[in-house]
Amino acid sequence: MSEVTTAEFNEEGKYLRKIRSFVLREGRLTKGQAQAIESQWPTMGLDYSPTPLVLSDVFGREADTVLEIGFGMGASLVQMAKDAPEQNFIGIEVHKPGVGSCLSDAAIAGVTNLRVYHHDAMEVLEHAIADGSLARVQLFFPDPWHKKRHHKRRIVQAEFAELIRRKLKIGGVFHMATDWEEYSEHMLEVMQAAPGYQNQSSDGTVVPRPDHRPLTKFEARGHRLGHGVWDLMFERIA
């Protein structure tokens, strides 16, 4: 297991170490995952380029676009794409087995409204997604980095909230979910302080799981054991 970093330099040429919110755990691809990448990447894969996508060209139509950061094995993302054929979906995942699994499931489901990146989400968001182009950004069950000394690695920080705000349309929604209560409190604190957002919760805290987010097997098992999951939804208003 190795931490993923990118070499960056400031204007004076000083090396800057960029902290990542993930660690790369590259398992072996199964035969099915490898075959799915080979067969489906030409139609569903997006090769990273530091120029903004023209979404109407990518999908061949004008439609609301939902982007998910870190889709894991992709089962819930494929289900969402299948359930909402009128919307476009983009998933970003750094772990190759997850990409292969997602593409395999998407092919079996017959979805045509899903595209996938195998790349660092921050670089994709910063360079490949146009400002004001997304209807929803999803961040489900990110690494909580529960040790206090690792809190700086949490992806939900003030700068990240501003980056997401820029990428959303006015009226677009940033939807987060976590099964770590303390992280939900951190998310809420960051987002309440972030300019240009309005909490969609009626009481200013969390929201019930919306219908568009499928209940995962892991989550269903957690419910049976009395474990909580916290959803937060913030709308871009400025």
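A Cβ is built for glycine as well, from the same backbone N, Cα and C atoms used for every other residue.
DSSP assigns D143 (active site) to coil, not to a helix or a strand. For D143, the entry in Swiss-Prot reads active site.
Sequence annotations record features per position, and here Swiss-Prot assigns S-adenosyl-L-methionine binding site to E68, E93, D120, D143 based on sequence analysis. Of all the Cβ atoms in the protein chains shown, 16 others lie within 10 Å of the Cβ of D143 (active site).
Summarising the annotation, Swiss-Prot assigns substrate binding site to K147, D179, T216, K217, F218, E219. Within 10 Å of the C-beta atom of F218 (substrate binding site) sit 12 other C-beta atoms, taking all shown protein chains into account.
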Euclidean distance between Cα atoms of D143 (active site) and E93 (S-adenosyl-L-methionine binding site), Å: 13
Site diameter for substrate, Å, by largest Cα distance between K147, D179, T216, K217, F218, E219: 26
Other CB atoms within 10 A, centred on T216 (substrate binding site): 19
Cα-Cα distance, maximum over E68, E93, D120, D143, record's S-adenosyl-L-methionine binders, Å: 15
